[in-house]
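Feature annotation from Swiss-Prot assigns signal peptide to 1-20. Residues or ranges marked as disulfide bond by Swiss-Prot: 48-63, 55-72, 62-87, 74-85.
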């Protein structure tokens, strides 16, 4: 009976040790993957198209504003046959950014009063 109990404890210990090593390997792989994604994002961020500039070459290259990414909007100018695409911020997102800025400012005042 003691032998079975000792064998069971040994088996559980080995199993937990091997699963911990596997989790460490997965965590390391996740960290490496996350770092590579961050590096790609930084490289991509350097090539973004500023607001009101032509984005017809790459419609997903618009820069980010404080909270939201600008959108490549295409239209035909009056009396023209050529399509023009520029990076623009939709009005509803512009208003949301203004509201968030005012809320942040108001929150700072409340923190100053009570903090």
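The backbone N, Cα and C atoms fix where each Cβ goes, and this holds for glycine too.
Sequence features, as recorded in Swiss-Prot, placed on the structure.
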{"residue": "48", "record": "disulfide bond", "Cβ within 10 Å": "18"}
{"residue": "55", "record": "disulfide bond", "Cβ within 10 Å": "25"}
{"residue": "62", "record": "disulfide bond", "Cβ within 10 Å": "23"}
{"residue": "63", "record": "disulfide bond", "Cβ within 10 Å": "15"}
{"residue": "72", "record": "disulfide bond", "Cβ within 10 Å": "18"}
{"residue": "74", "record": "disulfide bond", "Cβ within 10 Å": "11"}
{"residue": "85", "record": "disulfide bond", "Cβ within 10 Å": "18"}
{"residue": "87", "record": "disulfide bond", "Cβ within 10 Å": "21"}
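The CA atom of residue 87 (disulfide bond) is located 4 Å away from the CA atom of residue 72 (disulfide bond).
When the disulfide-bonded residues 48, 62, 63, 72 are screened for a C-alpha within 10 angstroms of the C-alpha of residue 85 (disulfide bond), the residues that qualify, in sequence order, are 72. Proximity to residue 74 (disulfide bond), judged by a C-alpha distance within 10 Å, picks out 55 from the disulfide-bonded residues 48, 55, 62, 63. A coil conformation is recorded for residue 55 (disulfide bond) in the three-state DSSP classification, outside any helix or strand. Comparing CA positions across the disulfide-bonded residues 48, 62, 63, the one lying closest to residue 72 (disulfide bond) turns out to be 62. A Cα-Cα distance of 5 Å separates residue 62 (disulfide bond) from residue 48 (disulfide bond).
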